[in-house]
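Structure first, then comments.
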Protein chains: 2
Amino acid sequence: MEDSINSRYSVESNGDIIRPRRFTNLPSACNVQESDDIESIVTEVRSNENITLLQSVRRRVEVSKEKVHVGSLNVLSAKYESLDYDTCENYLLLEEERKNGFKFLIRKNIARWFVFLLIGMLTALVACIIDISIEELSTVKYAKLSSFVDKYVIEGSLYIPYFLWVVFNVIPVLIGSVLVAYVEPIAAGSGIPQVKCYLNGINIPRVARIKTLFVKSIGVICSVVGGLAGGKEGPMIHSGSVIAAGISQGKSTTFNKDFGIFKYFREDHEKRDFVSGGAAAGVAAAFGAPVGGVLFSLEEGTSFWNQSLTWKTFFASIISTFTLNVVLSAYYGAPGDFSYPGLFNLGKFQTFTYRLYEIPIFIIMGAVGGLLGALWNHVNYKITVFRMRYIRQKWLKVMEACTVAAVTATVGFLMMFSINDCRPRGQDPTKYPTQLYCTDGQYNVLASIWFQTPEASVRSLFHDPPNTHNPGSLAAFVIVYFFLASWTFGLASSNGLFIPTLLTGAAWGRMVSIVLFYIFPDATIVHPGKYALIGAAAQLGGVVRMTISLTVILMECTGNITFALPLIITVIAAKWTGDFFNEGIYDTLIQLAGIPLLPWEPPPVVNNIYASEVMSHPVVTLKCVENVGHIVELLKLTTYNGFPVVDPPLSDQNEITTYGRIRGLILRSQLIVLLQHKLFIECHEDWDDISASLFRDQYPRYPAIEQISIEEYEKPYSIDLRPFMNPSPYTVLHSTSLQRMFRLFRGLGLRHLAIVNDTNEVIGMVTRKDLARYRMWKHQGQMGVEELLISKDM
Amino acid sequence: MEDSINSRYSVESNGDIIRPRRFTNLPSACNVQESDDIESIVTEVRSNENITLLQSVRRRVEVSKEKVHVGSLNVLSAKYESLDYDTCENYLLLEEERKNGFKFLIRKNIARWFVFLLIGMLTALVACIIDISIEELSTVKYAKLSSFVDKYVIEGSLYIPYFLWVVFNVIPVLIGSVLVAYVEPIAAGSGIPQVKCYLNGINIPRVARIKTLFVKSIGVICSVVGGLAGGKEGPMIHSGSVIAAGISQGKSTTFNKDFGIFKYFREDHEKRDFVSGGAAAGVAAAFGAPVGGVLFSLEEGTSFWNQSLTWKTFFASIISTFTLNVVLSAYYGAPGDFSYPGLFNLGKFQTFTYRLYEIPIFIIMGAVGGLLGALWNHVNYKITVFRMRYIRQKWLKVMEACTVAAVTATVGFLMMFSINDCRPRGQDPTKYPTQLYCTDGQYNVLASIWFQTPEASVRSLFHDPPNTHNPGSLAAFVIVYFFLASWTFGLASSNGLFIPTLLTGAAWGRMVSIVLFYIFPDATIVHPGKYALIGAAAQLGGVVRMTISLTVILMECTGNITFALPLIITVIAAKWTGDFFNEGIYDTLIQLAGIPLLPWEPPPVVNNIYASEVMSHPVVTLKCVENVGHIVELLKLTTYNGFPVVDPPLSDQNEITTYGRIRGLILRSQLIVLLQHKLFIECHEDWDDISASLFRDQYPRYPAIEQISIEEYEKPYSIDLRPFMNPSPYTVLHSTSLQRMFRLFRGLGLRHLAIVNDTNEVIGMVTRKDLARYRMWKHQGQMGVEELLISKDM
């Protein structure tokens, strides 16, 4: 390159074309005829001017070794694998499709509808069992407690009902937490983060097993009956997902039983579709919100809007809420009445009206909800980190759950004992009016809040007539319940946060209405139920940060569409305020676990990060016809799950890792099955028996390579990978930007993306973790892109 | 290849590897080191065994030349181009991003929210103007008509009000149809098919211009006031889309005015996002259905579910329905009452209940709706084909519209004249009770249906007390209106089919309730309004075949969530029944126009159709640094819109079309801009001035190559395409199946897909039309994949 008189131009090294200096820093792709070396490409790109200039807004997360393990939001765990939503269109599948023809497609589609029907019905039935169990057990518990309080308050020996309450709380919680801690830890919490990750394409181990469903169902009953500040709604979503995954596969690993049906659904992407239907059916059953359910599974999970899937999801949701309605209506003695569309029944709201001048109030309440939600999330985050660091033994987890149960009873008892909030009976439809220190004909309001399930309390706050509550006791209740709920969520017990959050919000919402009523005594529009609803929406929006689905769920819950605008305004205000401080609770938990969730959009301004920088290399490849011993060695030595199949250049046939023209992609699981069935060219006899179903039999759990016995004499044999591999995997050039790869990955649900050079030789592989590693950071007005660490220790 | 003793095995030509015979028919990709010739690859794939076997279910559409032009559902038009939703991440964009940094992203995002706010508000305001105009004009018209009828019926000279009615109908329709036929033909009809195509990624000329909006708005007012069997709801969706496209671009081609704002939104994918928001806002304004609006734009349009976009869309919808509510409430004299969420106001339904045994009735009604809908579609299809063949002149179109207007008046007059259906006054809240031949104190029911807007008639049918209508007059009305509506839709006038379809359905639904009431006189559950609603849903579902959004829209319209299950069951039954016979009306119209709409899923069993078969080739390529004269020649000779930029092999630098390693992709529009600004290496001076905004200034309408003047002396100059081209376009191998290409195209919204051979040389290009050409056919139990023709004559 020589500087000419006009410094704007430079003469290119390879010829006579003059081009402006400004463009000489472009990757000079046009000159490279063959890539000599990957390192050189990487270096070339790295040394690029653009990168250097942008370095200012990029940072690598540097964490000291000790801090990596727990409580960091900036580390990805290496242990989570992706699901594979891209169909492997190999020769076998082609042949299967050809043989089966169109009629089979129709049969399969009918089977699919049938499975969605079953998902809806079974999810609703499980929901009914949980609901009825909780209802029956709670009735016994609270009726007994209420009568005991009123009996022993006269005798002055209130320690007896207190002791009883503690026992009534601790015993169910003990059962539930022992199950969760010792039998199936994944059943803890609401399960929503896990379902979200699954739908995003991450294989969370054991999340969709029947054992998980059992532990979850019993755990929910135990924790709600045990009086924990948790609800049964979140777990219903997880339960629906497990049911969907179970039914659609026609087999159970837990029971080691294969019914031999629905074999054609044994693929990651089919299973995901059913799981998203199950999650929607779960929401529908929990809240009586079929549309909300569909939107939930879209908002939280799916990336590709598939019309026919959405329709089936909607069908499952409708069936679910309908079944639940039929069963619960019959149970509550009004068969055919259809007034129980969901577990969480807010009751019929009378038609609220609102005025234009109330909208600023709603916005402010939304902002307050966002603030409180962010605080709640922060408290819960700190508690979770503490738990991850110090409460690691199973017995400690059980102890903690029991302690929370006992503390809940204690706090409740102290509140109703110390705050003497009495109201005349008959006005409030409370189930067990407890007199306590009130005069005859009156009852203690706080006792009536505590002596019922949280769902019933939310209902009371929405529907109780004005003047039922005094602001002091509400304030005390809000503070206590806020922290109790934050402590409870994440315990080794199955419970969700929807109801306690709604309860907290409804309580302070009602307080707002009382305050407004003090200021404007003539405002007939200030209905406490309306403000309780807005407060509940604000609080929940601030904690979970869902917007569309949450609004629709609340709309459907209340059966009131006219209230859509105030709700959405509140929820948006809550989300914006909350997002200013931290992430939604589910995202925080997912980050804490180091799960490589792919967000909706690639991080901004990453056009200058190229595939060559992101990819892992050197890459381990296989030849089209590969030696058995070599394959076994490879599988033992590496942990990769996908191997590009290449034509090696003729020169270096004997190298272990060779670059070569890409011919296809084969998965570890496929190789395992090939080895297991000894499909070696030299010895296998009956090739006609081989069909695509071979790979479905063991789905989704394939043996490890160590479990496959390959005799020494078999090692020189070879396998022809061509009929089994995916013959046209998606590939991109090494100069592709992170954004483009991200969109490809997210839009098509990929697991592996092969990176090729100019001559189509594979030079690297990109997986989910490589992309999830790049994230936007914001801190004190500064923004940039950060690279997370990937740790094997998490 | 030699047959050995064991006939199962064969020795491969290239070596010592023995593999089963069964696999020898695989494309022997592993042996091909360099592609010699494209033709040979194509032939190789075509001659493949798989294809031959599947030939039985594949067919090419063979249509004789004369039939190609009009009325064929099996021909694609060559004239529709795709939009480009894939960002061109060239050097300029990179530099822009780097310069602007993150702060700019935030500003842009705020601007985006603001635009969505404006879209919501303006859509609602346009809706209000249309609604109020129609209301005012209709009031005058029908009040006058009603009083004239009652005045002249005594005198026995009924021809005077009849004549007046015809005049009142024809004059507005004349104005509307002249506007549509002469000023802007794209404004005809509802515009929903056009919006659907736009969101799918097809550039429908002039669909989003302000002129279209004007014609559409005035046209809707005219056709509704003119008494045509059409509604104003469908056009609202189109209006919302135009408003969105207009505002977001900050300029108007119609007025030739560039406000210089929102320049950064001048890209296809940004504009599409706004248009989907506009469509949703339109639905929200039309039906008061914000959630339905979001679902509509998802169901009909988008492929990639983008959370933040959906959220903004929801925001626009909510703002739209809210603004409309405020304005209309004020207009109708109840400001702050918020009881007018949408144009189409069904009024408050009392809470219906339904029993389990009614569900089969709903299913049957759904099936009937599906049948009637399919018939309606067929009739409309035949009429449309007739129109395409014979009513081609503008004046004929105007004549036809006027005829329909006159016929409508005539039919209405004959009905109220001949069917003497009298009811006592006061019971029915009809606005202009016309006595006609009834005794004093009574009014003619049919006159009250005809002497109001169709919306008001639907409301009457939903809310009139039982026994308002007699089944005979309803049956007559159904038959007449069914055919009138079918004739009306597709006229050269702006009107939608929602309302007339709902009206037909509501009328026969009410008939069903009367019949049921005859059979079970004691069934208190048989509420005529409920059955009218089910009938309306069935009919509309049978015609448009939307499922989720339609259900939600109706739910939101009626303000009644408890009725979700009956509605969805009805709509699903209608869709399934209708789909058995033909496609939804919108899809039929789109097919008639030959628009290459990409469906949700690739056609099934097309794994054996490969890129090499689908692609267009030979491909025209450009070199990285290309000669100006050559570019001009190419642009003049071809109609391609995207050109791969390649490194040609050193041997044949001088060929016009060369295969070479792919380096990037450049669009025709970019080349035009480069030529226009004379960005030649040899003569351009100020390279620092060039930024990505250069290409945005003229978006979306670039001059044709003929309008660019290139002097003869400039032709030897050259352009360096590298800073401008997309340096990493998506490419796939020639052996990729149709399904995989389809998913890539649909998931990422591509316009061009380069097909490369094993060594990354471009051998072909695939565009939307190449993929849309393959479609599934069903006929008399047979199914298969057909290839459509692409015709330049359509």
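The backbone N, Cα and C atoms fix where each Cβ goes, and this holds for glycine too.
Note: TrEMBL annotation is automatic and uncurated.
Features reported for this protein in TrEMBL:
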type	residues	note
TRANSMEM	A:113-134	transmembrane segment
TRANSMEM	A:162-183	transmembrane segment
TRANSMEM	A:213-231	transmembrane segment
TRANSMEM	A:274-298	transmembrane segment
TRANSMEM	A:310-334	transmembrane segment
TRANSMEM	A:354-377	transmembrane segment
TRANSMEM	A:398-419	transmembrane segment
TRANSMEM	A:472-490	transmembrane segment
TRANSMEM	A:497-520	transmembrane segment
TRANSMEM	A:532-554	transmembrane segment
TRANSMEM	A:561-578	transmembrane segment
DOMAIN	A:725-783	domain 'CBS'
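With a cut-off of 8 Å between Cβ atoms, the residues of this chain six or more beyond the transmembrane segment (A:213-231) that come close are 126, 129-130, 133-134, 137-138, 141, 165, 168-173, 175-177, 179-180, 183-184, 187-188, 191, 238-239, 242-243, 246, 344, 401, 404-405, 408-409, 412, 453-455, 481, 484-485, 487-489, 491, 493-500, 503.
Panel annotation: around the transmembrane segment (A:561-578), residues 349, 351-354, 358-359, 362-367, 369-371, 373-374, 377, 530, 533-534, 537-539, 541-543, 545, 547, 550-551, 554-555, 584 of the same chain, lying at least six beyond its termini, place a Cβ under 8 Å from a Cβ of the stretch.
When each of A:113-134, A:354-377, A:472-490, A:497-520, A:532-554 is scored by its Cβ pairs under 8 Å to the transmembrane segment (A:310-334), the top-ranked stretch turns out to be A:113-134. Mapped onto DSSP helix, strand and coil, the domain 'CBS' (A:725-783) counts 16 helix, 25 strand, 18 coil. Contact between the transmembrane segment (A:398-419) and the transmembrane segment (A:532-554) does not hold: fewer than three of their C-beta pairs are under 8 Å, each pair 6 or more apart in sequence. Across A:274-298, A:354-377, A:532-554, stretch A:354-377 shows the highest tally of CB pairs under 8 A with the transmembrane segment (A:472-490). In the predicted model, the domain 'CBS' (A:725-783) shows an average pLDDT of 86.
Counting Cβ pairs closer than 8 Å and at least 6 residues apart in sequence, the transmembrane segment (A:354-377) and the transmembrane segment (A:532-554) reach three or more and so form a contact. Away from its own ends, the transmembrane segment (A:274-298) comes close to residues 115-116, 119-120, 123-124, 127, 195, 198-199, 208, 232-234, 236-245, 247-248, 265, 305, 309-310, 312-314, 316-321, 324-325, 340-345, 498, 546, 548-550, 552-553, 555-557 of its chain (Cβ-Cβ under 8 Å, at least six residues beyond either end).
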